[in-house]
Every structure is written in structure tokens, then in C-alpha cells.
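Here's the structure we're looking at; comments come further down.
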Amino acid sequence: MQFLGGNRRKLRLADDQRNACYPHSLQFYLQPPSGNISLIEFENLAIDRVKLLKAVENLGVSYVKGSEQYQSKLEAELRKLKFSYRENLEDEYEPRRRDHISHFILRLAYCQSEELRRWFIQQEMDLLRFRFSILPKDKIQSFLKDSHLQFEAISDEDKTLREQDIMASSHSLGGVQLELESVYKIPFADALDLFRGRKVYLENGFAYVPLKDIVAIILNEFRTKLSKALALTARSLPAVQSDERLQPLLNHLSHSYTGQDYSTQGNVGKVSLDQIDSLSTKSFPPCMRQLHKALRENHHLRHGGRMQYGLFLKGIGLTLEQALQFWKQEFIRGKMDPDKFDKGYSYNIRHSFGKEGKRTDYTPYSCLKIILTNPPSQGDYHGCPFRHSDPELLRQKLQAYKIPPSGISQILDLVKGTHYHVACQKFFEMTHNVDDCGFSLSHPNQFFFESQRILSGGKDFKKESVQPETPQSKLSVQRSKDASSALASLNSSLEMDLEGLEELLQ
């Protein structure tokens, strides 16, 4: 595959050639992509795929997989991000091409540790399960053949001949009439899990598996192939990491924030200092609520807390002058001398607004940054309560926030499963009395603005139109300097030919 600095040179393919490239809306990704792609498109596709897989993860925790809500919301995400999801749609070449290339890009980013590989495989399996569930029955045999799976649907005559044995062995059929269900003849070795559970009919070295049971076998095959491919990619990764334009992007992709940029100050001045106490109890996420409470009680926060809370307040609309007044008033209440504040603290506040030092306009911390970096120690109040609090202490906090016992149990279960974003989203739904908040929470400032929108009856708090962060401008507002320099390189006009990349991605 070639990566180009300029726009990708699009190839005009006839309809039959385009269909032959991607005959189905799902695939096993057995062959790596070939052809030319710009470095900007490489980056765009990578970020969109991360967004999709994170949506798959969140929906899998929030809803029962396969339920009507789960199916409709996942289909909406695929539509929004322009990835393939259904057969027989017009002009599906580009969505399927995006799906193919982006999968292999993420292999490069997520092969680097066992934890990343596990996460990537699980989300890709859930995505395949969804796509297979809506695959028309007349397309299944073709998909199995293209995926090199030796699963053959038996004829109606063979099905009738073995009807009693299949019905007796396959528990998933329940009271379903067998003539309405497809049955596949597959090698015995591919159905070992069903055999161990005595859930399949065997004859002459073959298992006769109903369609409802074959999904698990297909997913197991996919997991095995993808796991091996990721292990091979990891061993060959140095060939790609030697390129200074790709290496920072791939290293940071797995923990980059890809949501909206809340640094845009379209909301400046719309929050008064008198409102903060009231807003903290109505619209602040728990992480900021505990920082505000600690500041009011102790009249001081350590550096980590000041940065996390100060940038959040900046993001909801506090001006530099308001921020200086807010922090100075509070610290003076703690018996700090005004001159000491001016000399020791005001510089850092001006610095965070881009008025000192390198003039960097710092952005509010995303949930990902709060969860993954700078964990709080004794005497600190920053961090994520769902990630960094002892379970019993978290239970007490939730009780103080008047969360009902059933809700507390749900949140603690999510925390136990390390789904911290979803736990906070569940907290939002319970404190705002909504069954489904309609968004995937990824930022404290997002929590605030969505809360204000609900409390004002659907009218936005009017942080003026925050545009989604574009990869061309910023890959992540929380990215390191190395990654920023890589983005400049990604937009250069140089052409790179990664020899042997196709073999690397096998």
C-alpha cells in the first residue's frame, strides 16, 4: 500500500469490478488492502474506526446485545460514520472500502499489547455479530464461501431425513419448525464447543448445526484468525514504526480523545461567578462536583485539581478575569496572602488561557485523559470518582447524590466491569430522569452542556456550535507534542512507499 501526502488518486472502477472487490457488507478481512491512500485519509479512517468500536463497546454495555434498541442504535452509528452494514444498498463500494482499510489500520495500532488486542478483538467480534444478524439468508452461503469456511447448507431432503435427530440435539431450536430453519453441515472439529455441551447432532465426522447456533462458530473462527493476524502484525510492527509520520499516530490512537473540542470559547462570559454553586449541584459531572466541593470546604486545591477543574470552568464559559477572581477569592478565604496568590498562582491561570509562556490555549480534560493519566494520591481530589474511588466510598457518594439503591447497584456493576464512561452516563440518566440520554459520554464539558440542554427544555446552553474536531486540524486535544509534530508531517507533500506492508498485515 502507498501513502501519499496529497489527495488520494481515486481509481474509476466499473460496477462489476467494484462489487467484486467487496461482495458483502461484512468480511473476515483475510486480504490486506492495496492501492494508494493519502496520509490524511489514513488518519481520518483510523479515527472513525476508533469512534465506531467505542460506540460498539458502549452499546454492548448499555443494552442487551441483539435487542431492538441495540440493533437500531448500532445501525445509526454505522450510518453516521459511513461504514457498511447492510446488503443490497446502492453504491456500497465506498463504505465497504472504508471498513476494509480502517480495520487494517487499527490492527497496526491495537496489536501492541495483550490488553489492546483483547479489546480490539471483542469489539470487532460484536460488530461482525451485528452485521451477520442482518445478513439476508440467501447471502449467507456466499459469505461463508468467501470467508473460506467449509460450511454447507443441507438440502430440504437431508433435513427431513435427520429432522428428529437434529431437533433432539439442538436446544436453540425450541419449538421452531425445522423446515423454516437453515441447517449447515460442518466439520466436527469446528463444532467442538457445541459438542462439549451436547448441543449438536453428529454423523460421519460432520456436525449438523442450525443457523441460530452457527453464529458462535463463525465468531470463534473470526477470533482465531484475527488473534493470529494481530500476533504476526506485532512481530513485524518495527517496519512501520520506523516511519516518523506514522509511529506517533499509531502509538497514540488507542488512547486518544476523538470527540468534540470544548476549547472553543463561543460561550465566554455566559456563566457568572454567582451561578457556579448552583450549577455544580445541577449540571456538573461527579468529578467536577467533588472538586468544587473540596475547593469550597478547604479553600485550596493541589495542582492536579486546579488544572482539571480550572480548564473545565474555562470550557463552560469563565473568562480569564473571572477565573482569576474566582480562584483568588477562594484561596484568600483559606488565609492566603493576596500577594502570595498573585506571585504563585495567577501566572498558572493566565498560562492555561494561553496568555503566558508558549501561549498554548489549553483545552479541558476529556474523560479518557482524567481516567488514564495522573491518578490522585492522598489529599488530592482530582481524577474520576468511578475510576479512582474505593467502591464503598463511591457508594456513599452516590447515596449523597440521592441515587436510588437499584441505580447504585447498576453503576457499581458497570464500574466493576471497568466501564467508567458508561457508569457516568448512567449517573447522568438517573440524575436527569431520562431513560436514554441519547449520546455517548466522553467529556465532562459534554456532561455539563447536555445537562443544561435538558434542564432548559431542550434549548442549548448555547455554547455556540462546537464543531467536531477534525483530524486535519487536531487528532486529539489531549495529544502529546510528538503526535502534534507527526500531524504536521502527515500533511506534507512527501510520498512514502511502505514496502512489504501487505505481508506485514497478513
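A Cβ is built for glycine as well, from the same backbone N, Cα and C atoms used for every other residue.
In TrEMBL this protein carries:
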- 278-448: domain 'DNA primase large subunit C-terminal' (DOMAIN)
- CYS287, CYS367, CYS384, CYS424: [4Fe-4S] cluster binding site (BINDING)
- 461-480: region 'Disordered' (REGION)
- 467-478: compositional bias 'Polar residues' (COMPBIAS)
Residues close to [4Fe-4S] cluster site centre defined by CYS287, CYS367, CYS384, CYS424, Cβ within 8 Å: PRO285, PRO286, ILE370, ILE371, PRO385, PHE386, ARG387, TYR420, HIS421, PRO444
Per-residue pLDDT averaged over the domain 'DNA primase large subunit C-terminal' (278-448) comes to what? 94
So CYS384 ([4Fe-4S] cluster binding site), by the Cβ count within 10 Å over all chains shown, scores 27
Long-range Cβ list for CYS424 ([4Fe-4S] cluster binding site), cut-off under 8 Å, min separation 6+ in sequence, same chain only, gives PRO285, PRO286, CYS367, CYS384, PHE386, LEU441, PHE447
Would you count the other C-beta atoms found within 10 angstroms of the C-beta of CYS367 ([4Fe-4S] cluster binding site) for me? 24
